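*Asks:* One structure is given below, represented as structure tokens, and several questions about it will come after.
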Amino acid sequence: MLKEGVEDWRRKQQDIELNNRIVKVHRGNGSFEETKWKYIKIGDVIKVEKDNFFPADLILLSSNYPDGICYVETMNLDGETNLKIKQALEVTSDLQEDGDFTNLRQIIKCEDPNANLYSFVGTMDYKGMRHPLSPQQLLLRDSKLRNTDYIYGAVIFTGHDTKVMQNATEPPSKRSKIEKKMDYIIYLLLCSLLGIALLGSVFFGIWTKADLRNGELKRWYLRPDDSTVFYDPKRAPLASFCHLLTALMLYNYFIPISLYISIEMVKILQAVFINQDIDMYDEESDKPTHARTSNLNEELGQVDTILSDKTGTLTCNMMEFIKCSIAGTAYGQSVTEVEKAMALRKGVPLGDEIEAGGHKEKQIEESPHVKGFNLKDPRIMDGNWIHEPNKDVIRDFFRLLAICHTCIPEVDETDKVSYEAESPDEAAFVIAARELGFEFYKRTQTSIVIRERDPNQNVADYQYRKYELLNVLEFSSSRRRMSVIVKEPEPEGRILLFSKGADSVMFTRLAPDGRKFEEETKRHINEYSDSGLRTLVLAYRVLDEKEYENFAEKFRTAKISGSADRDEQIGEAADSIERDLILLGATAVEDKLQKGVPECIDKLAQAGIKIWVLTGDKMETAINIGFACSLLRQGMTQIIIALEAPDIIALEKNGDKDSIAKASKQSVMGQIEDGIKQVPTLGQSSTESFALIIDGKSLTYALEDDVKFKFLDLAVKCASVICCRSSPKQKALVTRLVKHSDKVTLAIGDGANDVGMLQEADIGVGISGVEGMQAVMASDIAIAQFRFLERLLLVHGHWCYRRISVMICYFFYKNVTFGVTIFLYEAFASFSGKPAYNDWFLSLYNVFFTSLPVIALGVFDQDVSSRLCLQYPELYQEGVQNVLFSWRRILGWMFNGVVNAILIFFFCTTALKDQAFRQDGQVAGLDALGATMYTCVVWVVNCQMALSVNYFTIIQHIFIWGSITVWYIFLMVYGAIDPKYSKTAYMVFIEQLGPQRYHIGW
């Protein structure tokens, strides 16, 4: 409670500090006054200066730049460090001075408050015109203004209505399976406590009733003839009930309340060791492993299935433009990692000579490496493309790459251009265009400038071509393409639509006369996919003035619409113009595997962990990446589920949706059932391993309620599973489905599209890659590289599972041992309710005399070293099979505690009973018996700890033997205090250790 109270107080202080930040607010007549954030209202016009946060959700009106752009850092929202460009409407971009707002009148209509950070629907009525508003004009609270002196903005949402606050939901509560099982053990002990308390109360009631018969006193020392209700034979039932309450308080030591505190301390220290492990530190990115929660440490040692994203998780998400197909001709001679792995698998390692265009050529001399560009082909490098037969197509291809994107150029003092891109793919495309002589140089709200190198003249000769930017048709996951409409500079003056997108949507949009290179391009795309490359198809068309004007009107009407289906209207308008395209070619970019990924996956597979990859790539790409990273291995039988049967394809051409859905579902069910027949059941032995590969369409039907458990039954029997073309929602649904197998699942990803998967899994691991930090912020543990997962699970997971399991079992053991001695003395004393031990003995048992050794075990114990954990990954199965925390093991520890308690009790009572203990012939009293039993308990449970420790450190020795020593010191010091305070402990230590001739009197 104290910890939570401190955390609440700190949060309150942060809130106060945040709400009292200062911003300039327009108060009329062009005057801006400094105002605290908490006083900002909807409709205010505010001025935010460089490097300050936005206090509310704003509509950007203008900035110090003439075209109304500003640069925004959204790290607090999505963790991404790259700057985003925002741009005001052209009609408000001239409001650049405080005085310009004197007579400003605007009406802004927008959507209701919602949590979607990436969409916004609204309109602005200004100077008698209605203008559409988009996310391009939206500045979100907690974003920071960068590289811009100031901006003016109109407040649309404040406080809890802002999008960042709408997203501030509590993450799902996760508890480990051991922690949940621990609750059932507590319930068992509670029932045991209640049972023995009831048993003792019944016997106590019977014996109390029989205490006074015919004037004869049986238990005379309880004075039943002159007693309160507690020992009154005439009110035996009431005495029995009072004894029940006494017994419940007396036997509460069966319940290890301090266990929860000890476990919390141990888990925090375990998390510190995980964070400080130098072998999981990435020097390149300067990022260590970070356990964002310590609740799931032991769960790391029980992972049965890993569900992994591919891009940015298994791969680097650092795209390199490596090959392309233009006008049916393949360019690019570089060898990909997947090609190397495939050649190695076939026993034909690739050398320096590679095939290109049907003949072998020596690789061109290495030039200085340009990040994002690795195309090696002398036919188009250094302006040689001008000599190719389809030079016009090549020129249009690279012009499209330089124009069709959302990148932002930054020109330094030496006139060198660098780019801020929303994705690594986009950056790779503009860099490739630049390296081949088509440099994206400048962007404004209405134009794009390309600096083209003349291939016929000196490299330093440039031609600047300024294109009028008419429309941007943005990329979305549903459209799977992006287009821009531009007007060429004179003398051509043509209106061009440039488009790039996935092959599945682009080939269907080609004009009949635009398919000249379709077959060759498709063949190249398949080859690129086989090589593990990501592909996009590029196409364009020329628009006539009338057609464009009709589209522009329709598009503008859709954008200024405030209706709920505005996005659908915009999509329909874009769809109407993105037709009859002329094919240019296809790009192929490589996302290299992260360092150590194949070795890591191989080691995890040896540990018996099943690995699922959920990716948006094509099946061929995913399969080849699977081989490259050791997810798929030679001799592994592949079970492929795909909707490529001729009857399905025929139905798709007819377009009958109901028939397609019904036939597709039946096909998927049939393929799943066939796969189940192939895989041996648990009773059958087989050395054959299986891999399941399923595409996105099939996965849609496989996740339906009446199919999903059959799919799960097949999938869990396979060593590897690859789900291709899967959406973020499907990733989360697959993760939820795997959890039904009652095995521990771990999801690992690096992007915003992996958040649902990470939150759904038992353990979410985020990779702090180049896609921002959203995955990390939604994760339980953050690592910098996939390869660190090997050490995180096989070393730290194994250790934490063993430590926590043995620690909990030992805790129950020591409390059962202590509690049973109390119960046995109660029975021995006819359930009189008198405790065997002094009150302070009872209170300090779990605090000083047995607590530290168990914490040391939970933090430091190791059954084997980290080197052996990695050398023998099969050791990990100890946690997966839950060997150390099974009911048999738990009850065995408890039984051991009961046996120890019985031996201690009867040994002590037999040794001290009916013998002269003091010089005057008195036998040992309760004080002597209690101290003796307590000493035996302390010795036994601490020696049991010594036997349980696998790896002794000086700390363990100090804590184990120190706990026993502290007991003796306490007994001696406490026993020397006035008997009014020490009571039954008075001088008991000296009395029991003193020689017989020594007489103690008081």
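Backbone N, Cα and C atoms are what each Cβ position is placed from, and that goes for glycine too.
Checked TrEMBL, it gives:
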{"type": "TRANSMEM", "residues": "184-207", "note": "transmembrane segment"}
{"type": "BINDING", "residues": "D309, K310, T311, E426, F475, K500, R534, T615, G616, D617, R725, K731, N753, D754", "note": "ATP binding site"}
{"type": "BINDING", "residues": "D309, T311, D750, D754", "note": "Mg(2+) binding site"}
{"type": "ACT_SITE", "residues": "D309", "note": "active site, 4-aspartylphosphate intermediate"}
{"type": "TRANSMEM", "residues": "810-828", "note": "transmembrane segment"}
{"type": "TRANSMEM", "residues": "840-860", "note": "transmembrane segment"}
{"type": "TRANSMEM", "residues": "890-912", "note": "transmembrane segment"}
{"type": "TRANSMEM", "residues": "924-942", "note": "transmembrane segment"}
{"type": "TRANSMEM", "residues": "954-977", "note": "transmembrane segment"}
*Asks:* Look over the recorded stretches 810-828, 890-912, 924-942 and say which has the most C-beta pairs under 8 A to the transmembrane segment (954-977).
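*Replies:* Checked against 810-828, 890-912, 924-942; highest Cβ contact count belongs to 924-942.
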*Asks:* What is the Cβ neighbour count of R534 (ATP binding site) at a 10 Å cut-off, with all protein chains included?
*Replies:* 21
*Asks:* Verify whether three or more Cβ pairs under 8 angstroms connect the transmembrane segment (184-207) with the transmembrane segment (924-942), leaving out any pair fewer than 6 apart in sequence.
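*Replies:* In this chain the transmembrane segment (924-942) does not contact the transmembrane segment (184-207) - fewer than 3 Cβ pairs sit under 8 Å.
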*Asks:* List, by number or range, the same-chain residues at least 6 past the transmembrane segment (184-207) whose CB is under 8 A from its CB atoms?
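*Replies:* Result: 218-219, 236-237, 239-241, 243-244, 247-248, 251-252, 254-255, 808, 812, 816, 819, 823, 826-827, 830-833, 890.
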*Asks:* Cα of D754 (Mg(2+) binding site) to Cα of D309 (ATP binding site): how many Å, rounded?
*Replies:* 7
*Asks:* Under 8 Å Cβ to Cβ from N753 (ATP binding site), same chain, six or more residues apart: give me those in sequence order, or none if nothing qualifies.
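*Replies:* Spatial neighbours, sequence-distant, of N753 (ATP binding site): D309, P728, K731.
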*Asks:* Fill in the CA-CA distance, R725 (ATP binding site) to D750 (Mg(2+) binding site), as an integer in Å.
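*Replies:* Cα-Cα, rounded: 17 Å.
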*Asks:* Would you mind ranking the binding-site residues G616, D750, D754 by how many other Cβ atoms sit within 10 Å of each Cβ and giving me the lowest?
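*Replies:* Lowest Cβ count within 10 Å among the binding-site residues (G616, D750, D754) is G616.
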*Asks:* Sequence gap of 6 or more, C-beta under 8 Å: which same-chain residues meet both conditions with respect to F475 (ATP binding site)?
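*Replies:* Looking at Cβ-Cβ distances below 8 Å from F475 (ATP binding site), excluding near sequence neighbours, one finds R481, M482, G501.
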*Asks:* Measuring Cα to Cα, how far is G616 (ATP binding site) from D750 (Mg(2+) binding site) in Å?
*Replies:* 14
*Asks:* Write out the long-range same-chain contacts of T311 (ATP binding site), meaning residues 6 or more apart in sequence whose Cβ is under 8 Å from its Cβ.
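*Replies:* The answer is N317, D591, T615, G616, D617, D750, G751.
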